[in-house]
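According to TrEMBL, the protein carries these features:
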REPEAT    88-122  repeat 'PPR'
REPEAT    123-157  repeat 'PPR'
REPEAT    158-192  repeat 'PPR'
REPEAT    193-227  repeat 'PPR'
REPEAT    228-262  repeat 'PPR'
REPEAT    263-293  repeat 'PPR'
REPEAT    297-331  repeat 'PPR'
REPEAT    332-366  repeat 'PPR'
Amino acid sequence: PPDLLPPVLSALRAARLPAFSDRAFLPLLRALPPLPSLRLFLSLPSFNSHPSVRSFNALLHSLVAARRLRLAAALFRAAPTKLYITPDLVSCNILLKGLVGVRGLDAALKVLDEMPGLGIVPDVVTYTTVLSAYCAKEDLKGAQKLFDDIIAGGRVPDVTMYTVLIDGYCRTGKTQDAARIMDEMEAAGVQPNEVTYSVVIEACCKEGKSAEACNLMREMLGAGHTPDTPLAAKVVDVLCQDGKADEAHQMWKWMVKKNVPPDNTITNTLIYWLCKSGMVREARKLFDELEKGYKPSLLTYNSLISGLCENGELQEAGQVWDDMVERRYEPNAVTYEAFIKGFCKIGKPDEGAAVFTEMVTKGCTPSKVLYQVLVDSLSEPIHDDIVGKIVQTAALSGGDFLDGDSWEIFIRRVLDTKSDTWNKHLNSVLDTEP
C-alpha cells in the first residue's frame, strides 16, 4: 500500500547499506506519481545509490505518463548541468512521445534539433514519432521532407516509417501519393506488412476504388498476410457496390481459404448482392453452405429473401420464408417489406397489400418508403379501394403505424385522384380517431 512506502524508505535509508545500483529503484520511479517520483530520484544519494541515466529515464517516464511535460522538458534540459546526467537516446524518445501527444509538433522538433548537440543520433523510433506528428497535423509536405532527409542522410527507413507516411497520405485522401511511396518502399527492398496493406486497401474502399482494393487484397494474401474481418468486409462491400458481386464472392472464398474467419455479416452482404445481380443459384448455394456449419440468423434469412424478392423470385423467397418459420424465426418488418416491394415490382400490388395487412396485424411498423411504394403501385383507379383499406388497416391497428410523413403520402393521393372511394375510407378513419 502507498502509505507503507515512506516508513519503508526511511528504514532503508537508516540501514546505511553499502553502495548499490539505482536499478533497484526503477520500478518505484516509474510507478509513483510525478512529484513523489521526483523526490525519490533526488534523494537517491541518501540511500547510498547514485542516480544514472537509467533512473533519470524512469523519472521521465513517470512525468510523461502523467502529462507533466513542462517539468519533463525542463529536467531534460537541466540534466547535464544540474543533475550531471547526460540524456541518452531513450530519454529523447520518451520525451518525444509525450510531446507529440500533447504539446504538438513544434515542441517535438525542438527536441529533435537538440539531439546532435547531446551527441545523440536519432533512431527509427525517433523518426517514426516525429513523422507521426507531422501526419497527425496533416502536414504531409513536412513529413515528406523529413522522410527524404532521412534517406539523404544514408538511413534506410523501415516498414513502420514507410507505413506511417503512407497512412498519412491515405488519411488525407491522397491515395496516389500513398501508392507512390509503396512502390518506392518495395524498390528499396522493404516489404509491406499487414498494416501497410490494410491502410491502403481501406483508403481505396473509402474512395470506391474497387479494382485497386481487390488487386491489393490479392497481393496481401499472396504475401502471406491475413486481413482482419472488418477489412475483408470493406473489400467485399466495395466490390458489390461497384456491381461486381461475383468477383466479391470469389475473393471471399479465397480469403476464407487463407484463414480469414467466416463471418455472417459478409455472407449476408454477398447473398443479397448475388441475388440482386441475378445470380440466385450462387446466392442459394452460399446460403446452403452456411447452413452446414452455422445456424443462419434472421439477418441472413432477410438478406436472401430481400435479394430474391428484388430479383422477382417470389416463389423461391416463399420457400425460404417457410424454412425460416420452421426454424422458429418470426418475420420482422424487413422480411415483410421485402415481400411487399417484391410483389409490387412484379405487378401484383394487391398481393403486396395482403402481406401489408398481415404485417400490421403482427405489429410490425411500415416505413414511409413502403407506403410510397404501395401507393405508386396501386395508382390505377381500380385500386382505390385497396389503398383505402391499407389506410384503414394502418390507422386502426392500435400502433403508431402512420406518422405525419406517411399521412402526407395518402392525403396527396386523395387530392390527386379526387376519388369518392378514397374520401369514404378517409372519412371512416377520421370518424374513428379519438
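Cβ from N, Cα, C; glycine included.
A Cβ distance under 8 Å defines the sequence-distant neighbours of the repeat 'PPR' (123-157), meaning residues of its chain 6+ beyond its ends; these are 89, 92-93, 96-97, 100, 104-105, 108-109, 112, 115, 164-165, 167-169, 171-172, 174, 177, 188, 190. Packing against the repeat 'PPR' (297-331) from elsewhere in the chain are residues 264-265, 267-269, 271-276, 278, 280, 283-284, 287, 290, 338-339, 341-343, 345-346, 362, 364: each is 6 or more residues past its ends and has a CB under 8 Å from a CB in it. Each residue in the repeat 'PPR' (263-293) gets a DSSP state, and the totals come to 27 helix, 0 strand, 4 coil. Listed as Cβ neighbours of the repeat 'PPR' (228-262) (distance under 8 Å, sequence separation of 6 or more from its ends, same chain) are residues 198, 201-202, 204-205, 208-210, 213-214, 217-218, 221, 269-270, 273-274, 276-277, 279, 282, 286, 290, 293-294. Sequence-distant contacts of the repeat 'PPR' (158-192) (same chain, six or more residues past either end, CB-CB distance under 8 Å): 124, 127-128, 131-132, 134-135, 138, 140, 143-144, 147, 150, 199-200, 202-204, 207, 209, 212, 220, 223. For the repeat 'PPR' (263-293), the model gives a mean pLDDT of 85.
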